[in-house]
Amino acid sequence: MLQQVNGHRSGSDAQGGKSLREDLQEFLGGEALLHELDDLTKVNPVTLETVLRCLQARYAADMFYTSAGCTLVALNPFKPVPQLYSPALMREYHAAPQPQKLRPHIFAVGEQTYRNVQSLIEPVNQSIIVSGESGAGKTWTSRCLMKFYAVVAASPTSLESHKIAERIEQRILNSNPVMEAFGNACTLRNNNSSRFGKFIQLQLNSAQQMTGAAVQTYLLEKTRVTCQASSERNFHIFYQICKGASVDERLQWHLPEGASFSWLPNPERTLEEDCFQVTREAMLHLGIDIPTQNNIFQVLAGLLHLGNIWFADSKDEAQSCQLMDDAKCSIRTSASLLQLPEDPLLETLQIRTIRAGRQQQVFQKPCSRAECDTRRDCLAKLVYARLFDWLVSVINSSICADPDSWTTFIGLLDVYGFESFPNNSLEQLCINYANEKLQQHFVAHYLRAQQEEYAFEGLDWSFVNYQDNQACLDLIEGSPISICSLINEECRLNRPSSAAQLQTRIESALAGSPCLGHNKLSREPSFIVVHYAGPVQYHTAGLVEKNKDPVPPELTRLLQQSQDSLLKVLFPMDPEEKSQEEPSGQSRAPVLTVVSKFKASLEQLLQVLHSTTPHYIRCIKPNSQGQAHTFLQEEVLSQLEACGLVETIHISAAGFPIRIPHQNFVERYELLRRLCTRTSPGSHSPSPDERHSEWSPHTKGATLQTLLQDILHTLPALTQAAATPGDPAEATPVPVHCGRTKVFMTDSMLELLECGRAQVLEQCACCIQGSWRRHRHRKQERQRQAATLIQAAIRSWLARKHIQRMHAAATAIKRTWQKWRIRMAFLASKELDGVQEKHVSQVPLPLGSLLLPQAQTSLLEAIIRLWPLGLVLANAAVGVRGFQRKLVVWACLQLPMGNPSSYAVQTAQEQAGVTSIRALPQGSIKFHCRKSPLPYADICPERSLHNVTGFNQILLERHSLGHM
């Protein structure tokens, strides 16, 4: 494709006489893929014609954004393209790993600035400068960028912070309709032209979340309130009131259907911006309630009626001009809406107050008809300017965050574009002066700085002859003599100055400037300034008066008498103001002119821009009629020449936009040395502590160069690793150059370095993760072993404690049982001894009964010796019988002497269990054959006919004794 461009270019040079239009048509007819060039630096050769062809091809394919090095070129489609600015597309650019690889878009620029803030690379603060002619789409671009940041810079975690973020975003977005309604108007070139400049500062906290915003405005074109050019309109808000107010509001504000106002030209035109309800809802979200809104619209209606006040010429200079018949109703209505007294209002417009002499004597002089009209216009411009400033302060108070809550910002600069009308005055001079300063900022920041830096760093560079506008700036603002200084001097002299006299002074004082011209065919006094965008003719009539912007003190005092609550806020009664209004002739302060104030605010803005990282968006208008699918080559070509786009493409294509100091480059990319093996085994990179403590400056510089060379030696390996198989780009030299203090590279090489760095960091992360997992596993294993040992020790300790308690309990039971057994044996033996003695001495027994067998005699002796055994045997099924059994029971129970038959002894056959020695039991006593706690209690002893041992053994061998 590029070869076709070159071939076509050479063919066109050979023909020579072919016009630009025919050349473009032939080129576009033969280049079917030209619209695929996303970057104008890929066009070869880089000329105005080839750049124009590429833009036209992309415009025909509905591709309205094209990169041009560091600049984004935006073509105004002049039609709605909703899919090009959808929230889904915003999220796509925000989530993309490399947004620069997507199609060029303003969202790509916005995402780049947002990621720069996240990276915290100095300078952290970012700024986006949107420039272009009026109607090129600057306001729309700024609006879309604000919506983009509202989407991507809001990711709160908690529900409360999410609600706060949504409220802030909504207020920031709602500031646009309000600012556009009160500050934009329909001009010859643009239906929604910004008639003021604004710098929107989007404030971000440490987490890169949007916490607020601040708006700073520059040079509102307040003269549009009272004076509109042919086919142009006043500010949008006036048309919104007249078209969108309800019937009751019309009655309240005296705006009947079909009413005609001299300050409201072209009311029949209906624009998209004439949406009154949108403005009201936006003001409501900004904290401006309905009563305050009605108050604002009432004041604006009063200004419209004020414009219908016309005066008739006075026949006598000593008499004031009288109102025309149609104006009497208008001044009454205007005074009513502004809540001003009617007579003082009329008197202030008709009579001028003069203070003269050392004693400041007051004189009143009737004004001429022109002076009355000027004072009327001044009153309206004063009220509208104060109202606009008050709205900006209300918006800032609503959306601005606390200074401690934000750390960085992204600035959006939307200023008026370059203007050239048939009748250009002070407003156009200031607007074009601002565009010249911004163009110089671009040239100084990018074009000139790059070339000078390349030369200083020792890089081979072929210089480009870029268009420098310093001569034009010297003409406008230079010292000691310039156009601004001459206009300010006329204001300080406080003398009548004619337009022809001012023209003569400018031409004579600045005749040597190459940017000053003169139109000899012009009938009106004027001068020509050759701007970077082309020559503009400025008329000198009214320049001095507009620069003075005089406000008669009686007008301010009149407005301070208003009973309207809003006007009381706009014009407070300040006691210091009165003293400042009456200075003496010796101590009169210098007049602060419009040009001086605008120059000071512009210098402040440029200081902010110089402290940020700038990004540029060049808006191009395909045609001046605002028609879609219409690409006029001549108009686009003039804009390309004016903004220096071709020089930008030249330097971007041949230069190196990325410049990193050596120290920062080594600190960030030193780890790339891990990707290649060390050339020398003894090479060792000193630690950071050694670098700061032991290195001398010379040694440090030498080591830094060594590290740089080591890092640069890894680039071919990175290039080969990134290249696809069969890609011929492997043989191309690496686009990196090492200068004296910085390393220069292209965007593609920076991307390659970042990929290599990410690869090394990923390897290091994997190594760290593996080491950490190994350490954690070992630690867990040691903890598991320690827990096992502790558990075993605890279990053994618990077992020992349990055994000790059981042993102590068994010992206590054994001891108690032994004591009880001995005591019972002792008691039994004692009782049996007493019973035996009584029985032998007192009870006579028959002779037959005393003669017992030997076995029974032995058994009786055993019973007497141990009475529990006797008790058991007496209840046994075998053994002694009859009287002997009863005798044994009687002897064991120690019954008193008497007839044994009178005592009834209940045996085991009559009742289960064993009868107690002391008394009869209440229930049965059962002996369970369980394991005895006594040692050897369950071992059966050797059977013997004459000896019985073991109480439990008797119970166990009960049936065995029956067979003996």
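Any Cβ shown, glycine's included, is placed from N, Cα and C.
Of the candidate ranges 418-440, 602-624, 924-946, TrEMBL annotates residues 602-624 with the feature region 'Actin-binding'. Neighbours of E133 (ATP binding site), defined as other CB atoms within 10 A of its CB across all chains, total 26. Non-local neighbourhood of A136 (ATP binding site): A74, N76, G417, C619, I620, K621, Q639, each in the same chain, at least six residues away, with C-beta under 8 Å from its C-beta. The C-beta environment of G135 (ATP binding site), restricted to residues of the same chain at least 6 apart in sequence and closer than 8 Å, consists of N76, T187, R189, N190, N191, S193, G417, K621, S624, G626. On the 0 to 100 pLDDT scale, the domain 'Myosin motor' (35-758) averages 84 in this prediction. For the region 'Actin-binding' (602-624), DSSP puts the residue distribution at 9 helix, 8 strand, 6 coil. Every protein chain considered, the tally of other Cβ atoms within 10 Å of the Cβ of S134 (ATP binding site) stands at 24. Most Cβ neighbours within 10 Å among the binding-site residues K138, T139: this distinction goes to K138.
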